[in-house]
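See structure below.
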Amino acid sequence: MSAQKDRWVSSLVFLLFCACSIPRSGSASLQQELSPQHYFSGLEAGKTSLAFFTPTVSPGAQPFLEQIESSAEALQDYGISVVKVNCPKEDASRYCGKENALRKAFLFRGTRLIREFPTDALFDVDSIVANVLFALLFNEVKYVETLADLENIENVLKGKSNMVFAYVPATGTAEHRAVMEAAFVYGTIHQFVLTTEAALLRATSHDDLDVSSAWLLFCHCQWATEPAQPCRRTALAQPLTLLNIHRHLKLMGAPLVTEVAEDPEKISTVHLQLGLPLVFILSQKETYEADRRTAEFVAWQLLGKAGVALLSRDLVDLNVLHRSNVALKTPDEGMPIQYLVLEDTDEVITLVEDKNKVKHIQEDEQEEEEEEDEKENNNQDIQDDQVLEAVSRDKKRELPLEQIRVLTEENFHSSLQEAAHTVVLFYASWEAVSLAVLRSYSEVAADLKGTPGVVLARVNCWDWPGLCSQENVTQFPTLRIYKEGQQAVTYGGMWATEELSSFILLSQVSCPLKLATMEEAEGYLRGEFPSELSSHHHPSLLGVFSTATSEAREAFEEAGNILSGHVRMGMYFEDDSLALSQKYSVSPPALLLARSRGRSVEGIALSKHSVQDMVQMIRYELLDIFPEITVPNLPQYLQLRKPFLILFSAGDISQVESKEMLKVAKGRTQQAFVACWLNLKKTPVGHGILRTYFSTTPPLPVLLWVNLHAGGQVFRFPSEQPITEMNILSWLEKLQAGLEIPSSTLSEEDWKPPLPAYDFLQMMEPSVPELSPQPGHTPAQHPPKSPRGDPARGDTATREEPSQESTAEEVGSPGRGLRGTAPRLAARDKQQGKRHSEL
């Protein structure tokens, strides 16, 4: 009964607030004055009026008079009267003169003129109310044009109050009116800021916002207690109306997390009253701190979409399963509360955003229990190869291979002579990784369709083993580029579509590209490339050599052959090479490294002239100073065998954090560790990494020191300190002095497959053709007994034990772990050993 009463009271307040925006017939009307003297003599101090002066009513002024009369009712709600003042024919004063009569409207507070408006700016009721309130609230609603102005206001408000930032494409619109009416009510609680600058809206968000629509962001500056801490921003997802703004501000003013100690059926919050669900995180005394952090994390993710409450099991007797860790209460009358078992916060968020998820999760839990019983009886059916599982799942999906030429023993050599660059994928139709790569290869073919001089082809080594053996193909899949008159180049990178496309296009241009004049060399450093390279944003490397450095030049050319397709390299060795290199404070032989299309050029002296040393040096110098860690680039940084100073973020890091971390990366200690960051939105495997480090994911952003190659210790930067260069360096000094205690230490135990790999040699018939292994290459992978065999029977090749440089593996589904409230996760984690390469 109390919940229904609370909901009724809240609804009543809500309706009273919105009543000002509902027209009321006969409640207010246009006032008329016989003369300017009569109007000014009747003005009272503190009273506000909008007046327009007219001698006679012309037909052209009729639309304006209709709109201004209609606005009288709306403005009356804000204590503003609308007055029509008749001007005598002989009156030629300021307000009744030809330049003002029926061309301007005047806003007075008492006898003081506040603002005059041209009548063409007051074209309808919305524009009249919006412009009048904007003039009245000039000191309460600040107008900004640049990001610097907005950040200055945020800095003043930090730790004190919150800000409502609104963008409208133009003033005088219905959205502008809604913002001003909200500011009239909430202006004493929050600081309102308005802009019409589309560039400023784009600068405030990493998302591609539609600048043709109005937007409203609630900036939580009161939570930012440190100057370097940014204000969190929560956007209004609904259209910009007065009702939606009021609803949004009510939700933003509610407690982030509500702690409850009574029956959830009796709980009523502002979220339920406004038609939103309420999520309960079930807690207990032993895991309270972790559950509180989890609840706060979920609350920030669901802000404006649902409420979050922390429910203590110790204080409430719940008749539910002990392993249940989340409950969902909907605003629908008579709907029972759903108690669920979820593994991470991503499932909680999906639960709120997808109403059908509750039913699916319950069904999945029942199926999971049945499957676990079956697996105990027959563990040989476990599919532990994710690639094979994905291929098996999508085996009925036909690949678009029309753009890829099929090569055989008969047409292989003749086809290579038809195009300047022929890309050939050697694969085996029975092998899972080959089929997965073939899918990426078909996407590359679609992207590169119509590229002049490039032909994409494929050879199925299961059908043509003699051709593959002749081409020395010893492992599947293998990708090679055949150039006319040159040695074939073998690809050795990631198999994703973007990486494959980049490799093929970069391979079209000579590596290194020989430049003939000083102008060409300087243009190359500025980013003036051949058309094949213009769409790729790789750093550019220019080798500068004199006639006396032929040994280094030859090694550089050979290094270019090795790195072809992976690196953008140029070479200049004319007579004026000394003058070019000295511009960047080096002498030949030297490397000039240009980042960001020539905005930053670094000179690097070449001290070692062997090919292997030069390849290693080029790869190292091309690494970013402060990189974003992703799955494709992680192995490059792991090979450095250095500790990681890594910043985990829920999205793009702020400009302040990026600037401070870049200072640390460029500092005197940069050679000792890798300073980097990881975006959990773009690289969700980071959730699994953090759950490996901690029992629950800490609040983001979080800065960690991880030494994978010496002890596996993980240190966490103090969360109460802002991320600045001085604080980070001071913290690192304490680490080196042994004054900090690690947050966790990674296990030395290897992470191996749950079952031994299949021995395919025992499954093969002697008549199956074999590929002869070549010295120095990986032994060939052999097919199963029948090419039409079921791929789900097991792995297609013996696995190698992962090395220390292996990439990070994802543990469980991405998202923030609910380990503190899900007892079943503890048992699951005991079954899986983990190694240092999990980051």
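Including glycine, each Cβ sits where the backbone N, Cα and C put it.
Automated prediction, rather than curation, is the source of TrEMBL annotations.
Positions annotated as compositional bias 'Acidic residues' by TrEMBL: 364-375.
What TrEMBL records for 787-802 (among others) is compositional bias 'Basic and acidic residues'.
TrEMBL lists 826-839 (among others) with the feature compositional bias 'Basic and acidic residues'.
Among the features that TrEMBL reports, domain 'TXNDC16 N-terminal' is placed at 31-133.
If you look up TrEMBL, you'll see 134-255 marked as domain 'TXNDC16 second thioredoxin-like'.
Taken together, the residues of the domain 'TXNDC16 third thioredoxin-like' (256-347) have an average pLDDT of 86. For 256-347, the entry in TrEMBL reads domain 'TXNDC16 third thioredoxin-like'.
Annotated domain 'Thioredoxin' per TrEMBL: 404-504, in sequence order. Broken down by DSSP into helix, strand and coil, the domain 'Thioredoxin' (404-504) contains 35 helix, 24 strand, 42 coil.
For 361-387 (among others), the entry in TrEMBL reads region 'Disordered'.
The annotation region 'Disordered' is assigned in TrEMBL to 767-839 (among others).
Look at TrEMBL and you will find 1-27 tagged as signal peptide.
The DSSP breakdown of the domain 'TXNDC16 third thioredoxin-like' (256-347) into helical (H, G, I), extended (E, B) and coil residues amounts to 27 helix, 23 strand, 42 coil.
Mapped onto DSSP helix, strand and coil, the domain 'TXNDC16 N-terminal' (31-133) counts 36 helix, 30 strand, 37 coil.
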